[in-house]
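Participant: Just dropping this structure here.
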Amino acid sequence: MNIQNDKERLLNGSIDEIEIITTDNNENDTIRNDDILKNSQLREQQQHQQIQQQIQQQKKESSLSTIASVIAFYFFISISLVFLNKILLSDFKFEYPLFITWYQQIISFVSIYIMTSISKSVPALSFLPEFEFKSATASKVLPVTAVLTGMVIFNNLCLEYVEVSFYQVARSLTICFSLILTYIVLKSKTSYRATMACLVVFLGFVLGSAGEVNFSWLGIIFGLLSSFFVALYSIAVKRVLPAVDGNEWRLSIYNTAISIGLIFPLILVSGEANTILDEPLLYSGTFWFYMTVAGLMGYLISISVFMQIKHTSPLTNTISGTVKACVQTILAVVFWGNPISTQNAVGILLVIGGSFWYSMQRFFEMKK
């Protein structure tokens, strides 16, 4: 019996030891499995983070590429438009600025119609509204279109009589007129710093004009009128936007269509229609190519500004405009050989610097 009991105790002890060993092994296996799982999860997290970092880097590179592209597009369109119009008016010696403006408005109108027609099928143009033209809306928009028409006409007239290097100075008093009209029409006062910036621009205008080698009173007068209409348009457009549901692109449809009708009678009254048919350039394919491209540029400038603000910011748009003015002046000196006196150069720098200061000041005031 004792021997039998001893055997049973030994057997039970062995079983217990086996169970303990098995339990320990199971626990060790569980720990190892947990470690393997944790390491696997850690590797997955690291891989996920690496993938996310790569995606962010690609987005950043893509974003920088997009920003650089839209700014370059704005520079190209804006400077090309000025140069093309100068070529038409001076190099071709086509002395019919009203006809040039009228034809370019027609090209812009055709461009608008095409772009709005395909906007639904082209995601990049989804911001454009459907084409429409209602007489009731047109009558409300008419006063603003008249201002815009004056602005475009005097722009081209100014460019006909001044050098491209002086063009920025001749039209520089826009912010000064804006300050005056804002006070008279909107009863709104401008801050001290913004006013000082306007004075810097005015001083630059005076110095630049006095130092201009190829000075033209007509160019100065047309530049002043252009500046006045630009300032007036920026105020008047705010009052008419409700008529087009606050959509500036819809307003551009009406502006372009109505301006075509407004400019045509001016061509007749000015006398351009009496002699234009005798102009040999009307039978030149090169001339019409330049005219058409300039018309396309006139519409694309609005698109380029919109894209620049969309992908950057209003502040970047302001800085870009200032740099563009510098580049435009330099290119005018290089390609056209426009002579610049020291006084004229100081005036140009004051105008560009003052305009930049004013824009920056207004931007930060609006953010408050």
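Quick reminder: no glycine exception, Cβ is built from N, Cα and C everywhere.
Sharing the features that Swiss-Prot gives for it:
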{"type": "TRANSMEM", "residues": "64-84", "note": "transmembrane segment"}
{"type": "TRANSMEM", "residues": "98-118", "note": "transmembrane segment"}
{"type": "TRANSMEM", "residues": "141-161", "note": "transmembrane segment"}
{"type": "TRANSMEM", "residues": "166-186", "note": "transmembrane segment"}
{"type": "TRANSMEM", "residues": "195-215", "note": "transmembrane segment"}
{"type": "TRANSMEM", "residues": "217-237", "note": "transmembrane segment"}
{"type": "TRANSMEM", "residues": "251-271", "note": "transmembrane segment"}
{"type": "TRANSMEM", "residues": "287-307", "note": "transmembrane segment"}
{"type": "TRANSMEM", "residues": "332-352", "note": "transmembrane segment"}
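Locate each feature and note its surroundings.
Facilitator: Packing against the transmembrane segment (64-84) from elsewhere in the chain are residues 159, 164, 167, 290, 293-294, 297-298, 300-301, 304-305, 307-308, 310-312, 316, 320, 324, 327-328, 331, 335: each is 6 or more residues past its ends and has a CB under 8 Å from a CB in it.
Within the same chain, residues 82, 85-86, 89-90, 95, 97-98, 100-101, 105, 167, 170-171, 216, 218-219, 222-223, 225-226, 229-230, 232-233, 236-237, 239-240, 243-244, 251, 254-255, 258-259, 262-263, 266 sit at least 6 positions outside the transmembrane segment (141-161) and bring their C-beta atoms closer than 8 Å to a C-beta of that stretch.
Note on the transmembrane segment (166-186): residues 82, 155, 158-159, 194-195, 197-198, 201-202, 204-205, 208-209, 212, 214, 219-220, 222-224, 226-228, 230-232, 234-235, 325, 328-329, 332, 338, 344, 347-348, 351-352, 355, 358 of its chain, located 6 or more positions outside it, place their CB under 8 angstroms from a CB of the stretch.
Listed as Cβ neighbours of the transmembrane segment (217-237) (distance under 8 Å, sequence separation of 6 or more from its ends, same chain) are residues 143-144, 147-148, 150-151, 154-155, 157-158, 160-162, 166-167, 169-178, 180-182, 185-186, 209, 248, 251.
Sequence-distant contacts of the transmembrane segment (251-271) (same chain, at least 6 residues past either end, Cβ-Cβ under 8 Å): 96, 98-99, 101-102, 105-106, 108-109, 112, 116, 129, 131-133, 137-138, 141-142, 144-146, 148-149, 152-153, 237, 240-241, 244, 299, 302.
Long-range Cβ contacts of the transmembrane segment (332-352) within its own chain (Cβ-Cβ under 8 Å, at least 6 residues beyond either end) map to 83, 86, 163-169, 172, 200-201, 203-214, 322, 325-326.
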